[in-house]
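The domain 'RRM' annotation in TrEMBL covers 65-152. The region 'Disordered' annotation in TrEMBL covers 680-699. According to TrEMBL, the compositional bias 'Acidic residues' annotation covers 688-699.
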Amino acid sequence: MAEAMELPLPAHHLGSSSLIDVSKIDISNIDLDSIHLPPGDDFGIPSDDDVVAEEELEFDSGFGSIIIVDNLPVVAPEKYEKLEIVIRKIFGQIGVIREGGLCMPVDQETKKTKGYCFIEYSTPQEAQTAKDQTNGYKLDKSHVFAVYLFDEFDKYVNVPDEWVPPEIKPYTPGENLHHWLTDEKARDQFVIRAGSDTEVLWNDPRQLKPELVYRRAFWTESFVQWSPLGTYLATVHRQGAAVWGGAATFNRLMRYAHPLVKLIDFSPGEKYLVTYSSHEPSNPRDSQKVALVIFDVRTGKVLREFKGSADDFATGGTGGVSGVSWPVFRWSGGREDKYFARIGKNAISVYETETFSLLDKKSIKVENVMDFSWSPTDPILVLFVPEGGGGNQPARVSLVQIPGREELRQKNLFSVSDCSMFWQSNGEYLAVKVDRYTKTKKSTYTGFELFRIKERDIPIEVLELENKNDKIIAFAWEPKGHRFAVIHGENPRPDVSFYSMRSGRVSKLTTIKGKQANALYWSPAGRFIILAGLKGLNGQLEFYNVDELETMAVGEHFMATDVEWDPTGRYVATSVTSVHEMENGFNIWSFHGKLLYRISRDHFYQFLWRPRPASFLTLEKEEEIAKNLKKYSKRYEAEDQDVSLLLSEQDREKRRQLQEEWDRWVKEWKRLHEEEKALREELRDGEASDEEEEYEAKEVEVEEILDVTEEVLSSYSYE
């Protein structure tokens, strides 16, 4: 921008985008007494009648909400309106542009635009977001936006002629964000939200209570969320999201500007953060506008944006807000964060994070695709396509290798009503739950297609329940294991069956009859499972050992809404959130069902265990530790005994303090008794003794007339 710019006042000062040349105004010809300011607006001119506060107030200069957009197309008058529409469409999605807040200067000689414009938003935050998200925006090959804040303009204009090397600041190492993993007691942390407070606490079952790490009021405006490896705690605000972490406390590490953000999602390796917002359109007949932004977690840099209507992001999946399935983007397995994908109409769009562009510059075309998911460990997609052609084309499940797009396996399915897919955590098995119509089409029954992903040619087994008409209430794989559990039958007392994929074929281990359960929660370490009866079943809990096929304990957390294992599989938290007005709070249990402690909190919103990163131990080392567990456990048994002795000592100290308090109380009452001795003697007519047995009790009857009343009952005359 070599030529000089005409700088308009902000729209809320002028009421329009017109330019004023003050040098052409003759002040001497103006009758100042005839000027009347609009009521309530003194245009910054204080009146003599106004009371000025003594403290100095800081006012917004009015230019913080303005951005300058350079490298716009230079257009003739007949294309001015079209260019303005394009600019409003791009920048209006980020925030509210003030009325008259868009100004594109025009060359007075050529009548063409000058290639730049001024845009004024409602808030400085929206202006900053517009700069961050549109600087470098490619309108076409010849026009790449350069966006500046108006307040920064002087900095770019007044560049010194001579280059001065920047000051080199000494390196200061940051905090160890994984310091919490070095806890000597090997405890886990969790975060809770109750009322306006958010707290991070240690779970300390030895002390039978949590230990506070950090507390902050109004830390978030809606919810908090741990990153998948537990490095960061994310909070959500109207201006965007933020992540926090540290060794001894929680410091803000990065902010991500995204006004009115509603949902966030981390990539599995914590490299990227996806934020989501929706905005009501100006025209009520239009669909809701949606914006998704992908940030680099460490730098806060915007890597890619996706915008459109809610209908564009409503295909496939479950949950979310405003009809949008969440998460919109699903990440490939592992910590590399190499690919992410979304479902669209008749296509799956896979993006690579190296360039954040479509893989091979094109989507995977799949007619009528309804759902998909990634393997938890490998770049393999599983796709579900329902029946087509009026039932003449079968439904199918396909496994596709990325990036080569090679179809590894396909299974055709007939008379399909619905389909759900469940991956085992190691990516070794895939269960596809298939609801099929009966021949009469009046009812459905359920079966499972079980894929052995790691075996040659990916063999598939079919599993049908003994009673094909049983309703499937819940399904869950054992983490890192070969077993799975199914709740089936009719509420309120369905059956629970356990199966194994070992020995080359699926086999049933056992069926437990008539359990009050509607949810399954495996321990992260496998072996143990909780059969939970939530919602209408009032928090029934059964702790079950699948190795021994026996119940370890039965408990209840009345009105429990959530169950969550800690990442080590040692402890379980059950909670009652504010969906219920009463009994809010959480309980901590041992893995075998012993209630350790309970905490009550009013207006309880969230309980989240802090995730742990994967262990660096090899599988062989883990097996060696498990084999020699008694040798390693001696140290911890000694520590447990020390803690037990400490607790006993604490109990003794508490009893001693209570005894001392009692003795002080007795001593005080004896002192008062002695002080009142003379008064007691006086009341006893000089008798000094306080001992009751030295006195003889006599009963004395005292008659006293309390009242005398005369009443004439009747009057008769005898004549």
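Every residue, even glycine, has its Cβ placed from backbone N, Cα and C.
For the domain 'RRM' (65-152), the predicted model reports an average pLDDT of 90.
Residues of the same chain lying 6 or more positions beyond the ends of the region 'Disordered' (680-699) include none with a Cβ under 8 Å from any Cβ of it. For the region 'Disordered' (680-699), DSSP puts the residue distribution at 7 helix, 0 strand, 13 coil. Sorting the domain 'RRM' (65-152) by DSSP state (H, G, I as helix; E, B as strand; all else coil) yields 30 helix, 29 strand, 29 coil.
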